[in-house]
Amino acid sequence: MNYRHSYHAGNFADVLKHVLQCVALDYLQQKDKPFWLLDTHAGIGMYDLTGEQAQKTGEAVEGIGRLLNRSDLPESIQRYVNLVREVNDPNQPEQLRWYPGSPWFSAQHLREQDQLTLCEMHREDSGALSENVRKEFPAAKQIKVLEHTNGYGALKALLPPPQKRGMVLIDPPFEQRDEFEQVVKALQEGVKRWATGIYAVWYPIKDPLTVGDFHQKVKSIPGVEKLFAVDLLIRAATDSSKLNGCGMLFINPPFGLTQQINDIMDYLTPILAQDRGAEYQSLWL
Ligand code: SAM
């Protein structure tokens, strides 16, 4: 396991993922009934953008950095930026030291009745995650960290949740060649146990054909009926050795999210573009 998210925290991919995660969570909050969230690949929860690893790539500059000075943010994106600002020094609004991870965005949306389960496989990172949950997160009592735990295995073991409503976020590092296959298998297991849950999967786009193949495989999983995807290219995908973009796949997407998505993507795509050929597509599969 070589992947460390601290090299990439706050990059364009995190922006897309966390904006859509927050919008989905906003919709879950609209009903009083409790919800449960499972984050299968949680990372450490809080990233120091001044740390050696983040500084080495500087990726946050082309991600969250491009949103900080905007005065025309749509409301949903403004809410996400506000959450990022909350963990930073209010006296230095142009400079971010910290970038929160998916566990923190989830934690910020928990009400008293809701629960969050976080899995992280990497031994040291999962220790750091537990530490951050204790120190930094609101609602820490409602959060369970499963340290050194395989998120795919947890998904199989924990579904269906007693709450009956909620979302599973699957955000693997994609450092293994068969990661797309593993995700398809995990979704098969998940949907078999909990057909009504929301599943949100982040994936990289190097070669769009691989992504098309992945979409089709998920579509053919028995029990998957409502499947929605949004793909962002930050440049034309002519060189498949590069990370040319990323996407999010939703099974049972919250109703409002799909209606809002084009406004969000119309705004984000030109801002996150890194070269010619930047574009997005959102579609029901
Ligand atoms: N979701 C996080 C966020 O948005 O802040 C970032 C997660 S990062 C892309 C992927 C994480 O998954 C890494 O921290 C890695 O150590 C962890 N990981 C890799 N394989 C795993 C597995 N099978 N189960 C759980 N965690 C895993």
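Glycine is treated like the rest: Cβ placed from N, Cα and C.
Values in this document were obtained by computation on a predicted structure and should not be read as measured data.
Listed by TrEMBL as binding S-adenosyl-L-methionine are HIS18, SER102, GLU120, ASN150, GLY151, ASP171; the candidate from HIS41, HIS215 that the record includes in that site is HIS41.
You'll find the Cα of ASP171 (active site, proton acceptor) roughly 5 Å from the Cα of HIS41 (S-adenosyl-L-methionine binding site). The Cβ neighbour count for ASN150 (S-adenosyl-L-methionine binding site), using a 10 Å radius over every protein chain in view, is 15. With every protein chain in view, the residue among the recorded positions GLU120, ASP171 whose Cβ has the most Cβ partners within 10 Å turns out to be GLU120.
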